[in-house]
Amino acid sequence: MKILVDENMPYADQLFQQLGDVQAIPGRPVPEGVLDHADAFMVRSVTKVNEELLKGRAVKFIGTATAGTDHVDQSWLSQAGIGFSAAPGCNAIAVVEYVFSALMLLAERDNFELKDKVVGIVGVGNVGSRLAERLAVLGIRTLLCDPPRADRGDAGEFWSLEKLVKEADILTFHTPLNKSGPYKTHHLVDVELLSVLPDNRILINASRGEVIDNQALLTALKCGKKLRVVLDVWEPEPDLSLPLLELVDIGTPHIAGYTLEGKARGTTQVFEAYCEFLGQPRKVALSDLLPEPDFSRVTLHGNVTQSTLKRLMHLVYDVRRDDTPLRQVAGQKGQFDYLRKNYLERREWSSLTVCCDNRESAELLAALGFSTELI
C-alpha cells in the first residue's frame, strides 16, 4: 500500500508507516506523477483536491489534516467512491491562542483593558466557541453571530451580523468559507459592511481569506477608515496584496492554527480515520508523540493582571514572530509557502506549567488552558 502525505504533517511517517509505504511530498504544487500508484493521500489546506487532481488515479482515500474543508470537492469524491475524512477542531486551540496573542499586543499598543471591550465572534464552531469560553473566564462580554446555529434553535443568544457590527468593539471571524447558499460567507465583510462599521474597531480574520473582500478593505483603509486589522488569511493566497499588508497592524502567513499540538491532532485524526476506513481501528495518544517543550515552567507570585497574562501568553507565543518575517519577504515568489513549510515550532499554553502561590490565580490560568501547580 502506498500512502502520500503532505511534508508538513508532523508524525505522519511514524504513524502511517504502520499501514504501508509512506512518501512525503509538497502540497503545492503536487509533483507530477506521484499520484499514479497511490492508494491514499493525506493533505493540508494548500492542496486543491478535485476531479482534475484525481481523475483516473487509484486513490481510494483522502484525508485532510485540517479543520477547514473548502479545498476539497467532497461531492466529487463521493461520486467517485473515494473515502474522505477531515480533522475538525484539531487546530481550534491554536487559533484561539493566536487571537489572544494579537489582542494582547494591540491592548498594549493602544493602552486599553480587554475587559472593557465587547468582542463579537462571527462563527461559533470549534474555534469560536472555545474563544468565547476563554473570554468568559476573563469576564469579557462576547456577542455571538452564527446564523446556522440560530436557525437550528441552538442554546444561547445569537446576534445578526448587522447588530454585531454596531455593538462590538472587536470583530473576529471564524467561519467556514461558503461561496453560495443561505449561509454564504464569501465576502461577508464587503463594501457595505465596512461603510457602516464604526471607526476604531478591531477586525480579525483567522478563518479564510475570502471571508473579507480584501480589495474593499484596502480601499477603506486607504480612504482613512480607522481600524485595527489582524489578518492571518488573505485573498488570494499565496499572492497576497502587498498594499494591504502594509496597512494592516498584524499580518501573518496563514499560520494561526500551526501549533505542534494542532498539527499533531490533525495527523492523528486522519490516521485514525484511515484505520477505520481500512477496518483496522486504532487510537493514538497525543502525549506519546509530543516532545517536552524547551521552556516548560515559570513561577507567578500574586494575582493575575492583564500585564501578567500578556507576558505569559507571549512567553509561549508572540504573534510578532510571524508578522515580521512575512513583511520581510512578501512579494517574493514562493516565500509565503516557504514560511509555512519551514515554520518554527510553536507550542500551546498547555505546554507551560505556571507555578502559583495563589489558588485563585492557578484556577484562572488553568481555565484559560495553562498547566498550573500550587506552591
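Glycine is treated like the rest: Cβ placed from N, Cα and C.
Its Cβ placed at the centre, T66 (substrate binding site) has 26 other Cβ atoms within 10 Å. For the recorded site, T66 (substrate binding site), the DSSP three-state label reads coil. Under the heading substrate binding site, Swiss-Prot lists S45, T66, Y258.
The NAD(+) binding site feature in Swiss-Prot is assigned to D146, T175, A206, S207, R208, D232, G257; the stated evidence is sequence analysis. Within 10 Å of the C-beta atom of D146 (NAD(+) binding site) sit 23 other C-beta atoms, taking all shown protein chains into account. Under the DSSP three-state reduction, D146 (NAD(+) binding site) is assigned to coil, being neither helix nor strand.
Residue density at R208 (NAD(+) binding site): 25 other Cβ atoms are found within 10 A of its Cβ, drawing on all protein chains shown. Residues or ranges marked as active site by Swiss-Prot on the basis of sequence analysis: R208 (among others).
Residues or ranges marked as active site by Swiss-Prot on the basis of sequence analysis: E237 (among others). In this structure, E237 (active site) belongs to neither helix nor strand by DSSP; it is coil. Listed in sequence order, G209, H254, F336 are the same-chain residues six or more apart from E237 (active site) with CB atoms under 8 A from its CB.
Marked as active site, proton donor by Swiss-Prot: H254. Taking the Cβ of H254 (active site, proton donor) as centre and 10 Å as the limit, one finds 24 other Cβ atoms among all the protein chains shown. H254 (active site, proton donor) falls within neither a helix nor a strand when secondary structure is assigned with DSSP, and so counts as coil.
Here the C-alpha separation of D232 (NAD(+) binding site) and T66 (substrate binding site) works out to 16 Å. Around the Cβ of S207 (NAD(+) binding site), the same chain contributes G68, G123, V127, F173, H174, T175, P176, L177, T185, V233, each under 8 angstroms and 6 or more positions distant in sequence. The maximum pairwise C-alpha distance among D146, T175, A206, S207, R208, D232, G257, the residues recorded as binding NAD(+), is 21 Å.
Taking D146, A206, G257 as the binding-site residues under consideration, the smallest Cα distance to S45 (substrate binding site) is found for G257.
The Cβ of S45 (substrate binding site) has 23 neighbouring Cβ atoms from other residues within 10 Å, across all protein chains displayed. For the substrate site, whose binding residues are given in the record as S45, T66, Y258, the maximum C-alpha distance rounds to 12 Å.
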